[in-house]
């Protein structure tokens, strides 16, 4: 039997140094090619953890990166497979993110923005000429070759890039990053190269004023803005921007992809090709100031998403929101109404803990550019977990009014207290709110274990989880009850409502039972002493 030889070319030819970045299945480290002393960045992928689909994506990324050779694109120099690992050896770019460099500059003008977007357009044009659509153009993927003044802008991360034939339009899946998605992707229409030009329009808008054209903390409303092309050029910051710059943005942010400007056409636009005479040279300090806040918000959001659901331990106090100076809050939805304002202090949440949340946001620090199908699904699943937490908070607080707002009037339920019967409507549950929950002032803490969310189309979802309820019994001893729950949610008029639930195990919210002289708890009356929703 012939012996198999394991490839060790990377191990033999390269020396690894410090870590530069990390993702779910990969790490990026500085490395040196031993024979030449040349330094590179090695993206090291743990292939033992990859699915067959992930292997295909890795092969596609390597194939695309090998094809693209341009001064404004981070170049792939080598692709090596070894036992359990795959190594992609890229240019070592040391200048950091373009947007971070801009805010450190003493002088920044419209002409500088023109030069930045020109380099981005050059990279996009090269991709499109080679039949590649990047699909994830955003600030995190725009790097500088070095820290030297005037260093080249380099487009990075082709993990979502696809290969297309000419001007082919097809449905390649929901991919990208929310604020940079094009209307056609959100409509789930066939798409192609124009999606990159839409993202360029968003980037150019930010380069000129320091905040994005489309903004809403609520992803659904953000998508509605994008699909409607609902952006403008508000005063006073846009008053000092030349008409030619606005014209180029309008051509990039054209809703109809067939009429949207191409990369090659954009490079010929007067604001790019005749920068010296067309673009303003005035220093834009307000843009720099706004961009600092924009960068801080991006970094904060990434950090929050990374740690958000490791464990969530909420205060037993009522939800509070401290409003920082200058932040406008919509009290109904706790939405920041302007992207130019300061970063809001997060609201405290009810006393519910989510543990081991496989369906929540677990962002890698590599980038937020997982497929938006994954991203969108994660966001929608998180919405379901959130509204489930709110429902349980209403139960814990004995707040029947809040409960009825979250539940459908025709709510159906199977639960132990109904003795196998299907309960319909709110009257069965009203009894417990009025006679038990409202009279209980004992602290209650609920833990949701292992929530799993199944999305059923756009407007329906099912969540299954284990619910642990901690409380103090009549003698002051700590107790815990467990139930297994499934809830079905339906979205009507943009609002999620619980339409059905099925619960097994113990009832979930304790009511202090009477005590008999020997100290033993009396559960006479059966389960009617326990809240059952």
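Note that Cβ sites are derived from N, Cα and C of the backbone, with glycine treated the same way.
Some features that Swiss-Prot has for this protein:
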| type | residues | note |
| --- | --- | --- |
| DOMAIN | 14-272 | domain 'Protein kinase' |
| BINDING | 20, 21, 22, 23, 24, 25, 26, 27, 28, 43 | ATP binding site |
| ACT_SITE | 136 | active site, proton acceptor |
| MOD_RES | 287 | phosphothreonine |
| REGION | 291-301 | region 'Calmodulin-binding' |
| MOD_RES | 306 | phosphothreonine |
| MOD_RES | 307 | phosphothreonine |
| MOD_RES | 315 | phosphoserine |
| MOD_RES | 318 | N6-acetyllysine |
| MOD_RES | 319 | phosphoserine |
| REGION | 337-375 | region 'Disordered' |
| MOD_RES | 365 | phosphothreonine |
| MOD_RES | 367 | phosphoserine |
| MOD_RES | 370 | phosphothreonine |
| MOD_RES | 371 | phosphothreonine |
| MOD_RES | 438 | phosphoserine |
| MOD_RES | 528 | phosphoserine |
Between the Cα atoms of residue 22 (ATP binding site) and the residue listed as 'active site, proton acceptor', find the distance and write it as a whole number of Å.
18
At a 10 Å cut-off from the C-beta of residue 28 (ATP binding site), count the other C-beta atoms across all protein chains.
18
Measuring Cα to Cα, how far is residue 28 (ATP binding site) from the residue listed as 'active site, proton acceptor' in Å?
19
Which entry in the list of recorded positions, 26, 287, has its Cβ near the fewest other Cβ atoms, using 10 Å as the limit?
26
Spatially, and counting Cα to Cα, which of the recorded positions is closest to residue 136 (active site, proton acceptor)? Options: 20, 26, 287.
26
Inter-residue Cα distance where the pair is residue 287 (phosphothreonine) and residue 26 (ATP binding site), in Å:
35
To see if you understand the setup: which same-chain residues, six or more apart in sequence, place their Cβ under 8 Å from that of residue 20 (ATP binding site)?
28, 29, 30, 41
At a 10 Å cut-off from the C-beta of residue 22 (ATP binding site), count the other C-beta atoms across all protein chains.
14
Secondary structure at residue 136 (active site, proton acceptor), reduced by DSSP to three states:
coil
C-beta crowding around the residue listed as 'active site, proton acceptor', within 10 angstroms:
28
List the helix, strand and coil residue totals of the region 'Calmodulin-binding' (291-301) as derived from DSSP.
11 helix, 0 strand, 0 coil
